[in-house]
Number of protein chains: 2
Amino acid sequence: MTSSDTHKSRAKDWFSNLQLDICKEFEALEEAVTPPLYHGEPGKFEFTPWERKKGPNGEDQGGGRMGMLRGRLFEKAGVHFSCVYGKFSEAFQAQIPGADQSGGAFWASGISLIVHPRNPKVPSVHMNTRMLVTSQSWFGGGADLTPVLDFQRDENHPLAQQFHGAMKDACEKHDPAYFPKFKQWCDEYFYLPHREEPRGIGGIFYDRHNSGNWEDDFAFTQDVGRAFLDIYPSLVRQTYEHSWSDAERDEQLVRRGRYVEFNLLYDRGTTFGLKTGGNVNSILSSMPPLVKWP
Amino acid sequence: MTSSDTHKSRAKDWFSNLQLDICKEFEALEEAVTPPLYHGEPGKFEFTPWERKKGPNGEDQGGGRMGMLRGRLFEKAGVHFSCVYGKFSEAFQAQIPGADQSGGAFWASGISLIVHPRNPKVPSVHMNTRMLVTSQSWFGGGADLTPVLDFQRDENHPLAQQFHGAMKDACEKHDPAYFPKFKQWCDEYFYLPHREEPRGIGGIFYDRHNSGNWEDDFAFTQDVGRAFLDIYPSLVRQTYEHSWSDAERDEQLVRRGRYVEFNLLYDRGTTFGLKTGGNVNSILSSMPPLVKWP
């Protein structure tokens, strides 16, 4: 394996702490909202640790910590940390760079989150960053915003502009080529061909990212996380006091159906995970709480 | 092509008329229900004819007639007839028996339906039968019942027993081997491996069915349609006056999520249709009107 134990340990600690920082921030937003738009108690995260099943010789293969919040501002939010390792199945091995050369051995740690706000004026969001090690080592992930109301689903809307701006700043600290490349990759990935529709307004997406400088690549992935932690709560605070109509709630519920379609038809993590015996609860925690196909 | 124009014309007329007969029966059920359990006007089918795009030389390639009802008993029901023909794409050709030998030419007609009742005590149902012609000719399809409440999701429940009994009778008029074979095929097909759950309580499923006797195969497919037209409305009448609790409505909405997962992850018709430019509205008309992933 090309990445040292120190690298792995630093990356793992980062993802684990980022999960807790994001959850704390989301809970503060839950506290901040008030009636008449929001009812009931502020939501709190429930954390559920889980373990991968033991290896063939009883060896530990890692696990994770699911964080789920069902609240008044965030109708459903999942923020998950994981650190898993062991050997890929032979079928999977062929699909992962460097896994043949490592005899299938791998190590992976990351954070993934998805937020479905109750208020249709508050955009949904997805963020996921990870470090992978086989005989090679790389980072991957990104963050993308899904406003659910048509009038917000536009590159020129202030919410979209701020989100793209934050991701651009994170990229440009490292390489001016990153942002245009990773933004385009995001637009291509989060697209529903059968609807001829983008999932949201985009963001950034990168994978198999190894510039040759681990410190800089790690710092980049950290900057994406920090950018998310700063910008998304800001967008939430800008929108959560706007009231909404029944028609807007309906538009949100229908739009969430597109999210389901994307995840079950196209998302590689979801379909691969489900078809190869992954943790169903964790994988499908991204599904929206209430959806309409009228 | 092995099947005569007379065969095609008779099959097409059967599917087309069966659609109208089923719609009439469903509308009668909409009329029969009353407050306090059901509100508003009885639902009526809206029929929407559609055409496949013309062939490379402007030739007609068939089309269909979608029937959608959004009512008080049937929250959403789609009953669709289609008759399409032309040439398969080369990629598809390889997957269809006899299509290479026909130079890709095909003819297909069928009916497909899905019902999502409002009352959780009334089971959902799916039925789909079709005739296909390439250089070979066959029938395929089946009918399966999806009760959404746990206590009904049991082979020994009277609803399940009656449904299986009706399908068994349709099969046994033709061959005593059909029912056990087609019932097992159904159980295997309508299964969610990631949940380790059956979709419903089963029914029958058959495909590439050609016994060598077209008349008998056509009569069998007609008997499946007639059995459906008799048994499902009977099950609806046995259950529609039973009131339901909020908890049962919730159980229904969650169970519908499994239906979505099956259709988008595994159903060959859905995934193939969506990924190859089929009629999105028609294909996704099977999606439940309201769904929960809590």
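Counting begins at 1 with the first residue displayed.
Note: Cβ is positioned from N, Cα and C throughout, glycine not excepted.
Per TrEMBL, the stretch carrying the note region 'Important for dimerization' among A:7-42, A:259-294 is A:259-294.
Within its own chain, the compositional bias 'Basic and acidic residues' (A:44-57) is flanked in space by residues 23, 26-27, 30, 63-69, 71, 79, 84, 86-87, 279, 282, which lie at least six positions past its ends and keep a Cβ under 8 Å from the stretch. In sequence order, the binding-site residues near chain B (CB to CB under 8 A) are A:HIS194, out of A:HIS116, A:ASN128, A:THR129, A:ARG130, A:HIS194.
Taking the Cα of A:GLY278 (substrate binding site) as the reference point, the closest of the recorded positions A:HIS116, A:HIS126, A:HIS164, A:HIS194 is A:HIS126. Closest by Cα distance to A:HIS164 (divalent metal cation binding site), from the recorded positions A:SER112, A:HIS126, A:ASN128, A:ARG130, is A:HIS126.
Averaged over the region 'Important for dimerization' (A:259-294), the predicted model reaches a pLDDT of 87.
In the three-state DSSP classification, A:HIS164 (divalent metal cation binding site) falls within a helix.
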